């Protein structure tokens, strides 16, 4: 563990004590907010139980999360085949739900009970000797539905009837949001109260009385010790305030807290999980943001160290050593294959989140060291071309990144992949009408399997959920690392994203895709990250409307929080045996409590001035 002093300025005289107590009070308000969340969010399961009590389940089915009951009644004189396709599945084959027999007699239709998913809307198709009907429908969780297939004057009609209303599975999120909003309101009111002159004077008097008693007790408890004038206890002059931007650590903390929450399960809601293939969810935002802020922090720190007199060779050694540590921690400490038992070379996953960060950091920091200027203050900033200084002065680094991107484009769209079309960007499986079932990820998947071996990459990619893929595929693979380097190097590139995607999910030249770390995904997320960073910088560092708490604390200890949440994921209080493992409310409560625990741990470490640096 390495210790470093927080960025807050230390008081130098008694006249600054009131400001110090105000800051302390603000930290206490934030701490109470975090602790209050752990208790208050436990209301969510109770609320969910009340909301679900009026919706009985189907008598023949025991439903789990994100499931509903569907009974298909067939009044035709021939059996029918019921098929379905998720509307999130692009150009997919229909999947068989089941066969419903013909009615035994008039007025006695054949029927079969099915369990259907509720996360996304689906399209149902009814076939006999030919297609009878097709229609979209979005089932609700724990709802009870009946689908009637009837014949009226030789015309087949299909109608859906809701027998029992579904539960509102989003009530726990609403409760959690209200709890957060309430805590934020209490924190804001607390800050206003602490800024009142009367309150600050009272705190100053109380603190002064306590300090006097401490000094008296200290003297009385040391017999034989001569008295010491109070003037001898004056603190040494404080160090100059740090120029470290709180907004960077706050932004990093926001990304990290969301990452911890979605890694712990995100309440088992689909939008807190990674998108199956093309598109974006909340879970797809945070890792690129982390890469983005890593690049921003690297540029600032390297320039500051060069101005302080550090040599480029010494900094390059530090960069290489830090990258190696990140890679080793990712491979041997938080490898996901530990869930399959002790690691062996046969099942060791080589790529990963920290490994991707290590590679990106090594390349971007090395490029920055080669071209960074130690004294930019000598350059004019009044000329019309001054906003382009970053490009003009760092053109060799931009050229290297451009060459890397050309390499990604050539490998992605020109590399021949056996049994697959050149330039394929699809998920394989049942996507693209099942024509390329074993082509998951195209060139990216092929390169990983060729360079690393199938047993050394991720075995259960998110594309299995909707596209039923069978091939191993690693979202942190080799080819995607090129674009993660670009992510750490980019700023605002929204126009590029719109052109590449045609402002659509699946129909663009290069769709937004987290699994591939596609060019459009990187430029889109860089745009989002830039806008968010500007907002955080303006509110935290410019106007100082917000201290950055509570996100600032995990942002100051990001490596410790990330590694810790992975290593201790299955331990109490981060996880416990649930009373109802099929309850969104209980999963959400558990995941929010676990995330809040890490925020609290980072707060304690911050107050103890303990920071893990590598």
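Numbering starts at 1 and runs along the chain as it is shown here.
Cβ from N, Cα, C; glycine included.
Quantities reported herein were computed from a predicted structural model and do not represent experimental measurements.
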Students should find that the transmembrane segment stretch in TrEMBL, chosen from 319-338, 339-358, 359-378, is 319-338
Counting Cβ pairs closer than 8 Å to the transmembrane segment (170-194), the top stretch among 392-415, 521-540, 588-606 is 588-606
For the domain 'Heparan-alpha-glucosaminide N-acetyltransferase catalytic' (244-364), the DSSP helix/strand/coil residue counts are 87 helix, 1 strand, 33 coil
Model confidence over the domain 'Heparan-alpha-glucosaminide N-acetyltransferase catalytic' (244-364), as mean pLDDT, sits at 90
